[in-house]
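> Please find one structure pasted underneath; my questions will follow.
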Amino acid sequence: MTKSPTSAEQESENETIFSSTFSTLSDDAKMLPMDSMTIVRQLATSSVLVIAPVALTLLLVIISVHIQCILNYCPHIPIDELIPVFSKTDTHDFNANAANALKNTGVLLSYIIVATFFLLALIYFRLYKILVAFGVFLVIMLCTMKSLIYWHNLLFFLDFAIDNFTIGILVWNLVVTGLIIFFILKSPLLVQQIYLIYISLLVSNFIITLLSPSTAWVLLIFLIVWDMIAVLTPCGPLNLMLKLIRKRQRMNEKVYVPPVLIYSTMIFDYVSIFNEQSAQRISPTTTVTSPKVAEKRYQTKHRPNLGLGDFIFYSLLMGQVRQAYTLITVCFAGLSILAGLIGTLAILAWSRRPLPALPISLSIAIIVVIISGSFTEPFALYLNSNLIFI
């Protein structure tokens, strides 16, 4: 008789950690034939499960930033009031903008690096209660303060009347529901996914209004480098974190990672796997696992997943593109991100090793934005100015 896993147990078996797409190679996965059909099936399944939420998040961010830009409300919060960096907004001096962007990026990237190593230290020393407290604090902060700011500004500029009491009730329900689905009760995976998309929308909108354009673009470029170092190098914190979790899971030790940090696409089907495995059992000490059972176990337990940071930084790029360019370049950038994500999934299906989710997608998107901004935008402007339609 099998026991249905709780939400925390599901996430503990998820070996995908914070800001990267991972796939692990288990003993069952090694039994699978690496033919083209296996790779194609895995790529097709992964693409649907990962591309859909990313596309939905990007669309929501584009709509949000688009509404703010139409209403002439694209403010930049003075960044030095929040963190000790060196500039508020961009100026007309390119050298000054570049210098300030590098300084700002250095400070922000150092925060990200320290937070990643701090998360690794908490898992290494088994300080799971601190991880739970951090996750609870994150949900409460985002579903209260950030939600109030976001919806207040959006509804105000849409001229939609709503009283404070109603907003308070909505925010209260957001907080309580978020805490229940992530930390208290086992909840449907779809509800967790919706909440993570909503959290990504809140954080990305806040960062878009927080950073000047030059700082945002330089930060995205440095994040590409950092993501590769963190995942692909032997001493990278995310690589070390994954190895640590693998080692402890082989020892049948449960490892807790806050589910609010991971967008999970995993669909567990332990009962059917158990039944099929029992059918293959020959003796109490000998078990034969067929390739079909191994493939099903691999597909149900090792779906590719995305960290919350991936959604946020994809959205940050799309928000910056929407503020600076027309919808033509926005469409090109969105398609580039999705194409890069599919390319990452293809490499993941073929290599079956940990891969960072940001480098390919962001690199392609940045190159496409530069090309489109240099050639497509002036061409479209010329056509519109001369009333030429193609």
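Note that Cβ sites are derived from N, Cα and C of the backbone, with glycine treated the same way.
TrEMBL lists these features:
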type	residues	note
TRANSMEM	43-67	transmembrane segment
TRANSMEM	108-125	transmembrane segment
TRANSMEM	132-153	transmembrane segment
TRANSMEM	165-185	transmembrane segment
TRANSMEM	194-211	transmembrane segment
TRANSMEM	217-242	transmembrane segment
TRANSMEM	324-350	transmembrane segment
TRANSMEM	362-383	transmembrane segment
> Could you tell me whether the transmembrane segment (194-211) and the transmembrane segment (132-153) have 3+ CB pairs under 8 A, leaving out pairs under 6 positions apart?
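Answer yes: the transmembrane segment (132-153) meets the transmembrane segment (194-211) with 3 or more Cβ pairs below 8 Å.
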> Using a cut-off of under 8 Å between C-beta atoms, tell me which stretch among 43-67, 108-125, 217-242, 324-350 contacts the transmembrane segment (194-211) the most.
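The stretch I would name here is 43-67.
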> Count the CB pairs under 8 A between the transmembrane segment (217-242) and each of 43-67, 108-125, 165-185, 324-350, then give me the winner.
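Checked against 43-67, 108-125, 165-185, 324-350; highest Cβ contact count belongs to 108-125.
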> Which residues, given as numbers and ranges, are at least 6 beyond the ends of the transmembrane segment (43-67) yet have a Cβ under 8 Å from it?
21, 74, 154, 157-158, 193, 197, 200-201, 204-205, 208, 263, 265, 299, 303-306, 310-311, 314-315, 318-319, 322-323, 330, 334, 337-338, 341-342, 345-346, 348-349
